[in-house]
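S.K.: Once you've had a glance at the structure underneath, I'll fire off some questions.
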């Protein structure tokens with residue numbers, strides 16, 4: 001019953017909390033064609049109310065109006081509706097005609113309007129508009145200047161195009177040395193735009209046309225497709241510059257083979273972590289309930305709408321932090337009264353100015369990148385990606401434009417030059433020195449220029465020669481200038497091999513070059529020619545030291561102690577049960593007048609020891625109890641000795657090593673052993689971008705460790721492992737660790753399994769004419785077994801003996817060090833036996849001297865002669881109760897024991913065994 005009541009109580013409490021949350025009214029005005037923007041706006045509010053409303057103690061209550069934004073009258077009615085609701089802010093779209101109406105209403109009633117549409121030049125400090133869409137006219141001009149276009153055809157389809165044209169004229173005036181001629185035409189439809197471009201081409205078919213298409217991205221795609229599919233138009237004569245901010249929204253696969261050159265801007269960076277999360281969530285939505293969602297394709301207007309809600313959330317949260325009673329005061333004052341557009345009284349919100357100012361102060365990383373605003377409510381400090389599509393090339397990011405710097409950063413100014421006559425030129429292959437992939441002879445190791453490819457050898461060199469022969473090109477090897485594989489710099493550019501490919505300083509990269517998602521976004525890769533993974537290299541630990549008592553290792557010290565106690569315990573129990581069992585008492589064979597018991601305490605110990613050593617004994621138990629004790633002891637010793645024997649061979653002949661770590665988890669849990677990666681490369685990026693908790697903890701350690709655990713080169717990492725005396729682990733590719741560990745001085749070791757699964761591939765610039773041919777060559781080499789053959793040649797050059805790991809041993813011959821302890825025990829036992837015999841000899845001589853009333857020296861000499869000769873030559877006089885029998889060769893002494901008779905209470909005193917004499 002209690003288990004049923006508790007969930008109901010929790011549900012009731014949560015409902016009470018939800019019902020007590022303050023509601024913050026906001027409004028939305030969206031065009032009927034802005035489906036994705038409206039969905040993103042609604043979903044962002046939904047996510048806030050569900051996940052964060054309990055934290056901020058309020059929830060957003062929105063009311064959205066869908067209309068034709070070009071209808072100023074409908075826009076006026078919508079504004080009046082939202083003002084009458086007391087909305088604290090209004091979000092939506094606008095155009096050139098309706099924006100003036102919106103400005104008039106929002107400025108009059110002091111209600112902020114956050115728009116995702118284009119900004120206007122007539123904004124001033126008193127305006128209540130926030131523009132999520134950045135002004136990027138300077139970026140357009142910088143691209144035109146970068147290409148040195150002196151004449152541009154400007155095609156537009158809306159009033160916003162006229163505004164942008166005006167901005168374009170104003171922006172080009174700053175380039176005094178460069179005169180840009182702009183021809184303008186307004187198009188009414190896709191078909192109309194296609195015919196205008198066809199006429200433009202037919203007027204001068206040999207002229208190259210630079211066209212700025214100021215239309216929506218989807219419309220521009222349709223126009224260009226029509227131009228491309230017209231056989232009468234030479235597509236190579238057109239270079240289109242798109243005026244929208246969604247270059248990646250078009251399907252560029254249609255244009256790769258059409259010869260059309262297209263350049264455009266991208267506001268949403270698809271590789272930004274915030275946008276990646278947004279796109280992932282967007283693709284998982286149900287398109288029935290969330291129209292336009294459920295796909296990986298998100299237009300930039302939807303991203304702007306999502307960021308607009310996040311902007312308000314941040315600003316309003318900041319207000320509540322400063323003034324927790326803001327909502328209560330806003331309802332009780334003039335701000336709580338309904339505002340009607342028909343009222344003559346000028347009722348203005350008392351909070352509009354505060355909300356507006358807070359929104360201008362907000363800075364955050366949104367779906368559209370860095371979000372910040374200036375005093376006029378325009379975006380600042382934003383970055384636009386510049387992308388290009390050209391013949392034989394896919395979509396490539398060729399640069400970026402940053403508002404703060406106000407200039408274009410091009411990755412390669414010559415990226416779009418496509419000279420077909422250069423197809424058969426000698427190709428430049430960039431690589432990096434790393435054994436056994438690429439190695440150079442000492443002849444040129446210190447030389448700067450390379451003369452030919454002969455001095456270079458290795459796995460990748462064999463691969464290069466093979467693909468060059470199959471594809472049919474000449475090549476020259478070039479080492480990467482900065483010695484790194486490639487990583488993203490703070491300004492968005494790449495260094496290393498990746499940077500050289502992006503800048504077209506090399507035609508391909510054949511090296512131990514890992515295929516990663518980040519690299520694949522800016523360059524192309526073939527299928528992997530080698531599969532591997534990140535693993536851990538440590539200094540090879542010394543084998544476990546051999547000691548004199550190695551033969552005791554099959555059993556732990558606890559077991560040996562238990563065996564000793566068991567031996568003593570069994571001997572004592574056997575002695576006791578033999579004492580109390582009548583069957584163990586019998587007449588002495590020497591003197592039938594005496595009864596004896598074979599199992600004295602010394603004989604019991606001797607019996608137990610003989611059984612444990614798997615040896616026989618002259619005496620055996622006669623009673624049932626004694627035989628039970630003996631049986632269980634024999635069974636015990638059988639199992640113990642069998643187990644010991646089974647393990648003894650392995651422990652004496654198998655050399656074992658104890659490694660301090662066995663996995664990445666072991667590394668992450670300790671701090672004694674440092675670990676790191678190469679400074680620039682895929683291994684470092686793997687830990688940096690990993691979502692796995694263990695690898696995140698390892699990355700946090702590596703970035704904070706002092707001194708730095710990162711190394712500049714692969715060789716430095718190996719040397720650091722060798723010189724750190726086991727206190728540094730190097731994280732690198734498994735194939736490299738295997739190679740180094742099998743080369744002299746044989747002092748490194750790979751531990752644990754691979755942390756991931758990677759592959760090495762041939763890298764090319766995006767859209768390279770050799771990409772597909774290289775890909776086919778790699779597949780053919782893999783199928784023919786050539787890759788496996790080269791891998792065996794270059795990697796299976798073992799110079800080290802087979803070593804054991806901590807789990808598997810390498811069998812070796814038995815040495816004296818393994819069994820030295822046995823010899824020591826033997827020698828020690830012999831020494832103890834000799835000393836014991838000497839003690840007995842002296843003690844017996846002393847006792848005999850007292851009994852025979854002779855000197856100790858005489859008795860000692862007599863005993864010595866008896867010990868050495870085995871008999872006494874002269875007659876010896878006996879004393880005491882001993883009688884002498886003389887024979888020719890020996891003298892036998894017979895001793896008579898006590899004359900006690902049976903039946904008395906003292907019958908058994910001092911006659912427990914026949915071995916007392």
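Cβ atoms are placed via backbone N, Cα and C, with glycine included.
Pulled these features from Swiss-Prot for this protein:
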SIGNAL    1-19  signal peptide
CARBOHYD  62  N-linked glycosylation site
CARBOHYD  95  N-linked glycosylation site
CARBOHYD  121  N-linked glycosylation site
CARBOHYD  125  N-linked glycosylation site
CARBOHYD  229  N-linked glycosylation site
CARBOHYD  251  N-linked glycosylation site
CARBOHYD  272  N-linked glycosylation site
CARBOHYD  418  N-linked glycosylation site
CARBOHYD  419  N-linked glycosylation site
CARBOHYD  424  N-linked glycosylation site
CARBOHYD  491  N-linked glycosylation site
TRANSMEM  557-577  transmembrane segment
TRANSMEM  632-652  transmembrane segment
CARBOHYD  775  N-linked glycosylation site
TRANSMEM  819-839  transmembrane segment
REGION    871-896  region 'Disordered'
S.K.: I want to verify one value. Collapsing DSSP to three states, which class is residue 229 (N-linked glycosylation site)?
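M.R.: In three-state terms, residue 229 (N-linked glycosylation site) counts as helix.
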S.K.: If you count, for each of the glycosylation sites 95, 229, 491, 775, the other Cβ atoms lying within 10 Å of its Cβ, which residue has the minimum?
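M.R.: Selected from the glycosylation sites 95, 229, 491, 775 on minimum Cβ neighbours within 10 Å: 491.
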S.K.: If I restrict to non-local contacts, at least six residues apart, and a C-beta distance under 8 angstroms, what lies near residue 272 (N-linked glycosylation site) in its own chain?
M.R.: 365, 367, 369
S.K.: How far is it from residue 491 (N-linked glycosylation site) to residue 251 (N-linked glycosylation site), counting Cα to Cα, in Å?
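M.R.: Between the Cα atoms of residue 491 (N-linked glycosylation site) and residue 251 (N-linked glycosylation site), the distance comes to 28 Å.
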S.K.: Across all chains shown, how many C-beta atoms besides its own are within 10 angstroms of the C-beta of residue 251 (N-linked glycosylation site)?
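M.R.: Step by step: centre on the Cβ of residue 251 (N-linked glycosylation site), count other Cβ atoms within 10 Å, giving 11.
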S.K.: Going by C-alpha distance, which of the glycosylation sites 229, 251, 775 is nearest to residue 95 (N-linked glycosylation site)?
M.R.: 251
S.K.: Sorry to bug you, but what's the C-alpha spacing from residue 775 (N-linked glycosylation site) to residue 62 (N-linked glycosylation site), rounded to the closest Å?
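M.R.: Taking the Cα atoms only, residue 62 (N-linked glycosylation site) lies 54 Å from residue 775 (N-linked glycosylation site).
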S.K.: Report, in whole Å, the straight Cα-to-Cα distance of residue 775 (N-linked glycosylation site) from residue 229 (N-linked glycosylation site).
M.R.: 29
S.K.: According to DSSP, which of helix, strand or coil covers residue 775 (N-linked glycosylation site)?
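M.R.: Where residue 775 (N-linked glycosylation site) sits, the three-state DSSP reduction gives helix.
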